[in-house]
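A.B. asks: This structure is in structure tokens; I'll ask about it shortly.
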Amino acid sequence: MRDFIKHLKDRGILEDFSHGLDSVESPISAYLGFDPTAASLHIGHWIGICFLRRMASFGITPVALVGSATGMIGDPSGKSIERTLLESNEVAHNSKKLSECLSHYLPGVQIVNNMEWFQGTTVIDFLRDVGKHFRLGTMLGKDTIKQRIQSEEGISYTEFSYILLQSYDFAHLFEKHGIALQCGGSDQWGNITSGIDYIRRKGLGQAYGLTYPLLTNSQGKKIGKTESGTIWLDPTLTSPYELYQYFLRLPDAEVPKIARTLTLLSNEEIFDLDKKFLSDPIAVKKFVTETIVTSIHGEDGLKKAQMVTQSMHPGKVSSISEKDFQDLISMGQGISLDRVQTLGKRWIDLFVGVGFCNSKGEARRLIEQKGLYVNSEPIADEHSVFEERQVCYDQYVLLAQGKKKKLVLHLI
């Protein structure tokens, strides 16, 4: 474990670890949990997936836990308000999807589901066998619990009890599977240490915990959220193109952190990128983005993302798929207009009307310079009108001003 901990420290992605963990020399197994709060994992989960894969390269046996049982309750960690409880059929569906996703990204890694050992457990048995080992004062002292109790929202007994469930997970895996290490994001430290204490109180042996920093920007906000929603790993929810564009648009200052947490590049490669970043941050950002997209969606996914990006350039719109148009709209680059009222209008009026140009004078100047495009064609003159033949997939049109400014018209 000493080599692994040093690797994490050198990389700058070690938040905390249990006393004595760095002295463990015998082979050890470790697990990391994923609660099925949605039907797909998101980019924040990719840190955990990379973490499990990184552990395997150091001879640590990784195990992924899908929390069907804990997902029925909801983890209050990092949440300022109560989670909306999911129905059992929704949790089951999400769990199946997450298991498939984890199997894809972690081939050969054992995946367990905590519903296996919680199913059939009665409330009386749980309170007698588990609850008896927890002290209210200690639980109230946990940061997550304190913050929620002091908030206007408060915390329900349901979420307050989550820490017992996660602790029982750890104890079960320790006793039945010999898993002595639990890993997670920094917001999981309180839950992890509670599990370690529970294992000790049960007299089962010595367990350990290790956490990594959460993926946040310079303002402390989680990376992986956009105005239109979460960045998912499922390509049907977040396309490779959208993922590619998301990372390309991140501030340059976020690149070193992204490279460390979301890639499996070696520390030596990371340090080399740090040096190059000082002179050419854009090239490093592009390389890191390509590395992440390839890891998640494969070479084909990267090629598609690059193809769509290129096809957005003037003259190449014919290769854009319907999903690509939808992605642009979901990224806030779209506007809906009434089909009947829009068709037949002059383009110069439409460009000004949707706010793409500030005035007709600006629009005329850009048209004369061949700088305004409708799909793959520059607007011929200021008298050109919107024709039915210009509509793609019966509802989309791509407006462009040069190479960077783009807007999708969605006809309804």
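Using N, Cα and C of the backbone, Cβ positions are placed for all residues, glycine too.
Okay, these came from Swiss-Prot:
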{"type": "BINDING", "residues": "Y31, Y162, Q166", "note": "L-tyrosine binding site"}
{"type": "BINDING", "residues": "K225", "note": "ATP binding site"}
{"type": "DOMAIN", "residues": "345-412", "note": "domain 'S4 RNA-binding'"}
{"type": "MOTIF", "residues": "36-45", "note": "motif ''HIGH' region'"}
{"type": "MOTIF", "residues": "222-226", "note": "motif ''KMSKS' region'"}
A.B. asks: Pull the DSSP breakdown for the domain 'S4 RNA-binding' (345-412) and write it out as helix, strand, coil residue counts.
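C.D. replies: Breakdown, helix to coil: 19 helix, 21 strand, 28 coil.
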A.B. asks: Since the record lists Y31, Y162 as binding-site residues, which of them has the fewest other Cβ atoms within 10 Å of its Cβ?
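C.D. replies: Checked Y31, Y162; of these binding-site residues, fewest Cβ neighbours within 10 Å: Y162.
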A.B. asks: Across the record's L-tyrosine-binding residues Y31, Y162, Q166, the largest CA-CA distance in angstrom?
C.D. replies: 18
A.B. asks: Show which residues of the chain containing Q166 (L-tyrosine binding site), separated from it by at least 6 in sequence, have their CB under 8 Å from its CB.
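C.D. replies: Expected: G33, T70, D75, N191, I192, S194, G195.
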A.B. asks: Going by DSSP, how much of the motif ''HIGH' region' (36-45) is helix, how much is strand and how much is coil, in residues?
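C.D. replies: Final tally across the stretch: 3 helix, 1 strand, 6 coil.
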A.B. asks: Can you tell me whether DSSP puts Y162 (L-tyrosine binding site) in helix, strand or coil?
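C.D. replies: Once the DSSP labels are grouped into three classes, Y162 (L-tyrosine binding site) ends up as helix.
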